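Some features that TrEMBL has for this protein:
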SIGNAL    1-42  signal peptide
DOMAIN    55-349  domain 'Glycosyl hydrolase family 59 catalytic'
ACT_SITE  E198  active site, proton donor/acceptor
ACT_SITE  E274  active site, nucleophile
DOMAIN    357-472  domain 'Glycosyl hydrolase family 59 central'
DOMAIN    509-683  domain 'Glycosyl hydrolase family 59 C-terminal lectin'
Amino acid sequence: MAERLLQASRQRRMKAMTAAAGSAGRAAVPLLLCALLVPGGAYVVDDSDGLGREFDGIGAISGGGATSRLLVNYPEPYRSQILDYLFKPNFGASLHILKVEIGGDGQTTDGTEPSHMHYALDENYFRGYEWWLMKEAKKRNPNIILMGLPWSFPGWLGKGFNWPYVNLQLTAYYVMTWIVGAKHYHDLDIDYIGIWNERSYDINYIKVLRRMLNYQGLDRVKIIASDNLWEPISASMLLDSELLEVIDVIGAHYPGTHIVKDAKLTKKKLWSSEDFSTVNSDVGAGCLGRILNQNYINGYMTATIAWNLVASYYEQLPYGRCGLMTAQEPWSGHYVVESPIWVSAHTTQFTQPGWYYLKTVGHLEKGGSYVALTDGLGNLTIIIETMSHKHSKCIRPFLPYFNVSHQFATFVLKGSFSEIPELQVWYTKLGKPSTRFLFKQLDSLWLLDSSGTFSLELQEDELFTLTTLTTGGKGSYPLPPKSQPFPRIYKDDFDVDYPFFSEAPNFADQTGVFEYFTNIEDPGEHRFTLRQVLNQRPITWAADAYNTISIIGDYKWSNLTVTCDVYIETPEKGGVFIAGRVNKGGILIRGARGVFFWIFANGTYRVTGDLAGWIIYALGHVDVTAKTWYTLRLIVKGRFSSGMLNGRAVWTNIPVSFPKNGWAAIGTYSFEFAQFDNFHVEATS
Ligand SMILES: *[C@@H]1O[C@H](CO)[C@@H](O)[C@H](O)[C@H]1NC(C)=O
Ligand SMILES: *[C@@H]1O[C@H](CO)[C@@H](O)[C@H](O)[C@H]1NC(C)=O
Ligand SMILES: *[C@@H]1O[C@H](CO)[C@@H](O)[C@H](O)[C@H]1NC(C)=O
Ligand SMILES: *[C@@H]1O[C@H](CO)[C@@H](O)[C@H](O)[C@H]1NC(C)=O
């Protein structure tokens, strides 16, 4: 392996291969011959003319939205194993940065995440799972950098407008309390705070936020803006010296490895603060390998943050499997350590924030690129990628054609690196299973007699890391359990006295927020329930539905019976539903079709073919009022559906031809309190 890839000349290669045929183990191949004998490009790695920009890290995003939803309910030891693959140093992706969504109650791509302030006088720093995730990340890597960014905001901040900048002080206060709460309740130091994901910024808001943070003694918390495009924020900064001062980092999304002139003129740190977002196949891995190098080479970006950290949401939601790895089956414990984990490792395990890029980075003659970084203490890491166009397309932006082909590349170490005796070699080849390698350690490379010169034979879709660090490691655990479909029979009575997470396992809120709830006065059956807790539409980031809805189960479910106790809290206007065959979620939730059985506090029921209620299959009167528990049952089988209330048929054999399958769901008519208990679903064939 090593003998094929590392040699100083063709002639040498033949000799080395001959020698290797008879030897075993980690015999290093000394590389001696003059590099000029090797056809192909020559690349100098040198620090004598100073260093390039400071490296700030490689990271990933949990949230934006609800992308870690299913992770939290994984049984041990699998949950810890997944976290190790993501965060543990010298083990897997070994991320330097964790960026999380500041839950704002709204739909933010694959679900909603709860705010720490649902209402004006409300404060709770134990909702959701991002606090837990940050702590798990810190446990594994105390140096991990933490970032927070809002996507949506709770509705009360908008004072009637769908806009977070109505009262700048109030919104800054809201964000500041999240940072203070992280420290106070979880001992988490948030390092960077953002403005409003992929939406407008307000110059005065950014200044108010800075002042509020400083006033609270949070000077150390840096501001990143504006998590959208390079412009107009860069131009705004160049025109406003105070703004230029308060923004520490310009973060752009999906920059396609390029920046604009203004961004560079600000002389600020430039980050790709959201990138990747590609299915985690080998093409996704190729995308990541290419941008991790080229975001710096082409665009001077010193951090790249992937959306998303781990694909832990139902796969049929938008952007299914666009995480560094896949963990979407808490019911089976099955997960997959996908190739982007190992592509990340090529950079993350051999650099740290605070290292510096060398000035000598760039493109390879026949396609691909190389970067080199140093800690300034003599360590050197070189990362070479030869991702082909076909196998490295990211989901966005458009990737102009380029050609990568077989080549030899000779590297010459100069300056303080000229005396390096040995480099560790880590290798990945994406693509065909027969020739595929993921983060494999090869024989180390001895440079003793070669005056710092070595050559590589490079094929398409390869990654090499050559480094002085000997600490790298390819972590592994025994294979997790086999993939299983969601259980065909599933129940939850929500009887949890001190829940560790605010949401019930497997329920994935798509509009509204559903939380465990305790009816303190009720000693009986419905003491512990699941409650929809939003009483107002959030300041939205996406097209949240006008109803609230939480989905659960298997998208493939076609014939099913859903039974659930329901409790409308709002007299006259309130209403709740249970549903089957719900065929859309995430940012598409508003257009979800399915079979929805609604009851209303005004004594009526409805059966609709969509969440919005446009397609009405049936309606009528039924003996229902608010503040009473009822048991609803929805039966969907083949082309027909029936509904029952407290065991009595309300409607029967209504034709339902579309959609053919989808999730089960519960929800409310509007943003209103309502409770659910004894949820039971049985998928039948
Ligand atoms: C390289 O890094 C290691 C580990 O951080 C450190 O101990 C060592 O001093 C550094 N320098 C050299 C030349 O190895
Ligand atoms: C890519 O480059 C190789 C070698 O330079 C050449 O043989 C091949 O035709 C090129 N492919 C395309 C599509 O340009
Ligand atoms: C009952 O309430 C629902 C939801 O508010 C409403 O759409 C419906 O028109 C009402 N029906 C009657 C008969 O008042
Ligand atoms: C659903 O039930 C219908 C009617 O009994 C049956 O024809 C169909 O095969 C069932 N579908 C599945 C996926 O089991």
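Just so it is clear, glycine is given a Cβ too, placed from its N, Cα and C backbone atoms.
For the domain 'Glycosyl hydrolase family 59 central' (357-472), DSSP puts the residue distribution at 6 helix, 53 strand, 57 coil. The active-site residues under consideration are E198, E274. Their Cβ neighbour counts within 10 Å are lowest for E198. For the recorded site, the residue listed as 'active site, proton donor/acceptor', the DSSP three-state label reads coil. Annotated pair E198 (active site, proton donor/acceptor) and E274 (active site, nucleophile), C-alpha to C-alpha distance, rounded: 10 Å.
When secondary structure is read from DSSP and collapsed to three states, the residue listed as 'active site, nucleophile' falls in the strand class.
The average pLDDT computed for the domain 'Glycosyl hydrolase family 59 C-terminal lectin' (509-683) is 98.
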